[in-house]
Amino acid sequence: MQVQDDGVNLIPFAKCSRVVSRSPPPRLPSQSLRPMPQRYGDVFWKNLNQRPTPTWLEEQHIPPMLRATGCSQLGLYPPEQLPPPEMLWRRKKRRPCLEGMQQQGLGGVPARVRAVTYHLEDLRRRQSIINELKKAQWGSSGAASEPVVLGEEGCGFPSTNEYPDLEEERATYPQEEDRFLTPGRAQLLWSPWSPLDQEEACASRQLHSLASFSTVTARRNPLHNPWGMELAASEE
């Protein structure tokens with residue numbers, strides 16, 4: 001590193017690092033006198049220094065017949081019992097009789113068809129049990145089989161005046177309604193409702209009621225109606 005006459009380095013941030021020397025740590029006398037343990041014995045180093053013998057390079061002699069068939073032991077699989085190569089290489093044909101027995105069950109009915117029929121029978125049996133329980137608890141109610149009639153006052157909800165027995169059933173059996181549902185009951189609880197249709201119906205009803213209210217007020221008090229005021233002014 002070049003130094004100027006005034007003793008300032010050319011590169012101000014470069015400084016000469018100090019030379020540090022470390023002495024080896026002092027060892028105990030027991031460690032210095034004890035010999036280092038050898039991982040490998042003398043036999044290993046002796047065999048490593050020797051040249052490889054020709055027996056190492058020789059391959060294990062395997063008969064050509066056993067090498068082709070893959071059998072390592074003599075007499076285990078004699079070649080006379082093996083099938084010919086063309087029989088081993090060709091594709092196996094499916095047996096139609098076994099396929100028909102697997103796919104078809106008793107009476108020549110396929111297994112999938114039998115499973116579906118069993119499932120449908122189970123569903124019918126469960127539905128019949130549910131209907132019997134409902135008849136025992138609620139009896140035969142004629143209101144449950146009637147369709148939903150939307151009232152003009154309520155937006156999509158049946159009026160209580162038309163179905164008074166529904167309110168009695170709800171008050172008497174509030175918890176059993178969710179457990180068992182007949183198709184008629186489900187029709188009462190569910191209706192093809194959409195928010196757009198409902199909003200349009202409510203808006204049309206509000207406009208109709210507003211128009212009727214304005215006509216009634218105009219007839220009663222024509223001075224408050226702007227059209228009535230114009231007519232009154234023209235007549236005067």
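Glycine is treated like the rest: Cβ placed from N, Cα and C.
Over in Swiss-Prot, the protein carries these features:
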MOD_RES   Ser23  phosphoserine
MOD_RES   Thr182  phosphothreonine
MOD_RES   Ser191  phosphoserine
MOD_RES   Ser194  phosphoserine
REGION    75-99  region 'Interaction with CCNA1 and CCNA1/CDK2 complex'
MOTIF     90-95  motif 'Nuclear localization signal'
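Residues near Ser23 (phosphoserine) in space but far in sequence (CB under 8 A, at least 6 apart, same chain): none are found. In the predicted model, residues of the motif 'Nuclear localization signal' (90-95) average a pLDDT of 72.
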